[in-house]
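According to Swiss-Prot, the protein carries these features:
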ACT_SITE  C175  active site, acyl-thioester intermediate
BINDING   R77, G78, G79, E80, V81, T82, C83, H84, S144, I145, G146, G157, F158, S159  substrate binding site
DOMAIN    35-213  domain 'BPL/LPL catalytic'
SITE      K141  site 'Lowers pKa of active site Cys'
Amino acid sequence: MDNRTAIIKQPDNISFFNDVYKLQKEYQDALILDNSNPDFIWIGEHQLCYTLGRGSNYDNLLFSLNDAKYDVFKIDRGGEVTCHMPGQLVTYLVLDLKNFNKDLNWYLRKIEEIIIKILGAFNINCHSREGFTGVWIGNKKIASIGIGCKRWITINGFSINIDCELENFNKIVPCGIENCLMANMIDYNKNLNIQEVKRIVKKIIQEEFNFDFISQ
């Protein structure tokens, strides 16, 4: 496969979800108009917020929207409700799957493989789970995946819990899975930090998709 150009953004500050979601949509629209435009990768952290997929069940929110003290967004992705917050590393991929494989199941499995390699770089053993999307350590979920796709151009991506307040997941039924336990990477490797994880995420995505990155 020939190398493909991708713009990559890796902000050090905590980013507002809605700003980054709008940015993804702009890059998706640009690729739909002209597939010679670059793909786009964003790696960073969000303020505390909750997002729901297209067909999400609001019963999986364990708080009243009218009294919510945090932002809640319904967005163009599959899957149920999840939580974003500082200490969790989020990666968004706006890719033209026509350059890779026009198969969403292949793409989901590819993302799971990428996450497993990322955690493996820190000597953390993890696995996918039949019948579910995401990555697990034993019976605890450490990474969530949610993607949207329009004309084979993807948006959204995956989140990995590094060192975040897992109590925030208690306000929802994570990914619609009853009694779902969550985990942080720091619980399995005390020596890592989010900047080092970010570096490994960039490296593995570059290798897996044969990207030439342009930093912004």
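Note that Cβ sites are derived from N, Cα and C of the backbone, with glycine treated the same way.
Within the set R77, G78, G79, E80, V81, T82, C83, H84, S144, I145, G146, G157, F158, S159 that the record links to substrate, no two Cα atoms are more than 16 Å apart, and one pair reaches that distance.
Mean pLDDT for the domain 'BPL/LPL catalytic' (35-213) in the predicted structure: 94.
Counting every protein chain shown, the number of other Cβ atoms lying within 10 Å of the Cβ of G146 (substrate binding site) is 27. Packing around C175 (active site, acyl-thioester intermediate) is summarised by its Cβ count: 22 other Cβ atoms lie within 10 angstroms of its Cβ, all protein chains included. Under the three-state DSSP scheme, V81 (substrate binding site) falls in the coil class. Distance between Cα atoms for F158 (substrate binding site) and K141 (site 'Lowers pKa of active site Cys'): 12 Å, as a whole number. For K141 (site 'Lowers pKa of active site Cys'), the same-chain residues 6+ apart in sequence whose C-beta sits under 8 angstroms from its C-beta are G134, V135, P174, C175, I177, C180, L181, M182, A183. Taking a C-beta cut-off of under 8 Å and a sequence gap of six or more, S144 (substrate binding site) has these contacts in its own chain: G79, T82, T133, G134, F158, S159, P174, C175. The Cβ of C83 (substrate binding site) has 24 other Cβ atoms within 10 Å, all protein chains considered.
Taking a C-beta cut-off of under 8 Å and a sequence gap of six or more, V81 (substrate binding site) has these contacts in its own chain: Y50, T51, L52, G53, S56, N60, L61, I172, V173, P174, C175, G176.
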